[in-house]
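Student: This is the feature table in Swiss-Prot:
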{"type": "BINDING", "residues": "Asn139, Lys176, Gly177, Gly178, Gly179, Arg180, Asp189, Val205, Gly214, Lys239", "note": "ATP binding site"}
{"type": "BINDING", "residues": "Glu142", "note": "Mg(2+) binding site"}
Amino acid sequence: MVKLLSIGGSDASGGAGIEADLKTFQEYGAFGVATLTAIVTMDPSRNWSHRVHSLEEDCVRDQLETAFAGVGVSAVKSGMLASVHAIECVAEYLERFAVAAYVFDPVMVCKGSGDALHRELNELMIQKLLPRATVVTPNLFETAQIAGISVPRTVDEMKEGARLIHERGASHVFVKGGGRLPGCKHALDVFYDGKTFHLVEDELVQSGWNHGAGCTVSAAITAGLGRGLTAYDAILSAKRFVTTGLRHGFQVNQWVGTGNLSKWRDRFH
């Protein structure tokens, strides 16, 4: 059995974060384990605004100790790391257990909170985790933060961001554009392996029920790597997986909706 570890925030709505990751791992026929670094809630009395409740260092460390015990972990993904101790713990355990496949989803802002994480946390993530990443999966805002450029608005700017991020240490870079580029009629992302740029395109699903799509694609990439796929093939599989889920998306509450991940069955089953 392939064992996968997701490290990140729990989303009380169930659509994103650890909850999305574990659903994704299950769809790939893998056994998912989790380490929570924070819990994200939504307040319906305040227009569904989000709050991030970080967990203490001992709690994070004890979970990592449990997750890595016993049967070896095939691949690891990290998402929301909203504290210095969470970032440092993840870096420590990646090194201690010589993790060969690591997907770094550099969550720098929580949708609905309106606030980016503290700049010093972003810099610490880049310093400690980016050089360890088999694949890093920034969105356009995160690409700008890591690469030190303006938010990309064209494919060429996405490529430049990917190149600069690769220079900072990541083995492979997957810049998630989705449908956010001006005039874009497809869900378009850029993959860079240090030598070649690949455009990864699929249908742009306009339902609006896309909460957790970024978490899901990085989790699916993690599952693909854990299954032995190359980084590029894992990304192609993840793209199909997410698009299929979004086609069958549904409303979770008055604020968000999410993709129906059960509508897709990968060839690994």
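Each Cβ is built from the backbone N, Cα and C atoms, and glycine gets one as well.
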Student: A 10 Å Cβ contact count, applied to the binding-site residues Gly177, Gly179, Gly214: which residue has the minimum?
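Tutor: Lowest Cβ count within 10 Å among the binding-site residues (Gly177, Gly179, Gly214) is Gly179.
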Student: Please work out the number of neighbouring Cβ atoms within 10 Å of the Cβ of the residue listed as 'Mg(2+) binding site', leaving out its own Cβ.
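Tutor: There are 25 such Cβ atoms around the residue listed as 'Mg(2+) binding site'.
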Student: Between the Cα atoms of Gly177 (ATP binding site) and Glu142 (Mg(2+) binding site), what distance do you get, rounded to the nearest Å?
Tutor: 11
Student: Determine the Cβ neighbour count for Asp189 (ATP binding site): the number of other Cβ atoms within 10 Å of its Cβ.
Tutor: 24
Student: If you measure every Cα to Cα pair among Asn139, Lys176, Gly177, Gly178, Gly179, Arg180, Asp189, Val205, Gly214, Lys239, the residues listed for ATP, what is the largest value in Å?
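Tutor: Site span for ATP, by Cα atoms: 17 Å.
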Student: What is the separation, in Å, between the Cα atoms of Asp189 (ATP binding site) and Glu142 (Mg(2+) binding site)?
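Tutor: With distance taken Cα to Cα, Glu142 (Mg(2+) binding site) is 14 Å from Asp189 (ATP binding site).
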